[in-house]
Amino acid sequence: MEVGFKALLDDLDVLEKSLSDPALINKLRSHVENLATLSKCNPHRRSKVKELSSEVVDSNPYSRLMALQRMGIVDNYERIREFSVAIVGIGGVGSVAAEMLTRCGIGRLLLYDYDTVELANMNRLFFRPDQVGMTKTDAAVQTLAEINPDVVLESFTMNITTVQGFETFTSSLTNKSFCPSKEGGSGVDLVLSCVDNYEARMAVNQACNELRQTWMESGVSEDAVSGHIQLLVPGETACFACAPPLVVASGIDERTLKREGVCAASLPTTMGVVAGLLVQNSLKFLLNFGEVSPYLGYNSLKDFFPTMKMRPNPQCSNVACLERQKEYMLAKPERDAAAKAKMEADASTTIDEGPLHDDNEWNISVVDDENEKDTTKAASSSDTLPEGLTRELPVADEYEKAIAIASGSGETEEEDDLEDLKKQLEALNAA
């Protein structure tokens, strides 16, 4: 297209020289230059893909992802288009997590943030300088739609810690328009918390406890050299209020802790690692492969990845969390019975193993070790030869027997030895 615009401009130059009044030509040239600029600003977008294909061609954006299914890692990767994921906080971690899920072909993304893109955000990933001044949600939708038009994107520019924002947040999570057949009170499959303050985390925690919604929490330290992710299942694992940070437990307003002129450090590397761990565990949770980490830390100074499990606190200050704990304990006998039945079913299932190789070119057979020993013993004890074969020399036993008979010292020598021993014993006793 750029070549065509350049040729058109060249033609206008030639035409300008042949006309006495070049004003009209200059006007046309201005229009062409504007069109050329617009064509550069609006890159080509691919068409939507109706069905995922594993065909390995350059034009298939999902061929590398579908290879996970072909290699046995995932049973059915196409299910990813049925899932909805909500991301709260489109900052250094949340924006990268949103991009990763978009490239993986997630079905629907719900994006929540109230901040705008600034030049100070350019040290991080995802956002571009030409998006400065836009809300982070609008900028994210713009970029993600260009990356993968198959993903349904819904943005909410609001603060979820306000009363109105919290109500909008919970109502959007319960919207099942994307998947009406989804069970439970929530319309999303997973909530990812990528916020940078405890107040917003507590708001997400409250909403997920009320809706019985599984969610994952993530964060990066103020010095930008460590981070963590955590899986939170209401009633089964500790919620964010079960073991709150000191700032939350003491009731201090965290806004008073921020010093004027001092900002937290930010490294795109640390945020990229945390976002990768977050999305990796999200995919394992959604597509049911591997093991989801209940808590995974990251210390970049020592490349240390601590893991742990956090049980719910029976004395948690969150009322909704206590209710979920009671529900989980009441359902425990049913879960144990189901697990026992599954274990028995797996144990009773016998797999008929066929031959490792159908063809046996060299007629190799497997012989039992015990039978092989018996066969060897029987063969060694038998002195019979096949018909038509004779021994040139006698066997060792026959040879020794013949020498003993010839010398006449067979049994006589043994008797003499016994007599000598008897006399020696009598002499010892007499002494």
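The backbone N, Cα and C atoms fix where each Cβ goes, glycine too.
These figures come from a predicted structure and were not determined experimentally.
Quick look at what Swiss-Prot annotates:
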- Gly92, Asp113, Lys136, Asn159, Asn197: ATP binding site (BINDING)
- Cys239, Cys242, Cys316, Cys321: Zn(2+) binding site (BINDING)
- Cys263: active site, glycyl thioester intermediate (ACT_SITE)
- 339-396: region 'Disordered' (REGION)
C-alpha spacing of Cys239 (Zn(2+) binding site) relative to Asp113 (ATP binding site), in angstrom: 22
Distance [Cα-Cα, Å, rounded] between Cys239 (Zn(2+) binding site) and Asn197 (ATP binding site): 16
Largest tally of Cβ atoms lying within 10 Å of a Cβ, found at which of the binding-site residues Cys242, Cys321: Cys321
Sorted by sequence, non-Cys239, Cys242, Cys316, Cys321 residues with Cβ within 8 Å of centre, Zn(2+): Asn205, Asn209, Ala238, Phe240, Ala241, Pro312, Asn313, Ser317, Asn318, Leu322, Gln325
Densest Cβ neighbourhood among Asp113, Asn159, Asn197, Cys239, Cys316 (binding-site residues), 10 Å radius: Cys239
Assigned element (helix, strand, coil) containing Asp113 (ATP binding site), judged by DSSP: strand
Cα distance (Å, whole number) from Cys321 (Zn(2+) binding site) to Asn159 (ATP binding site): 23
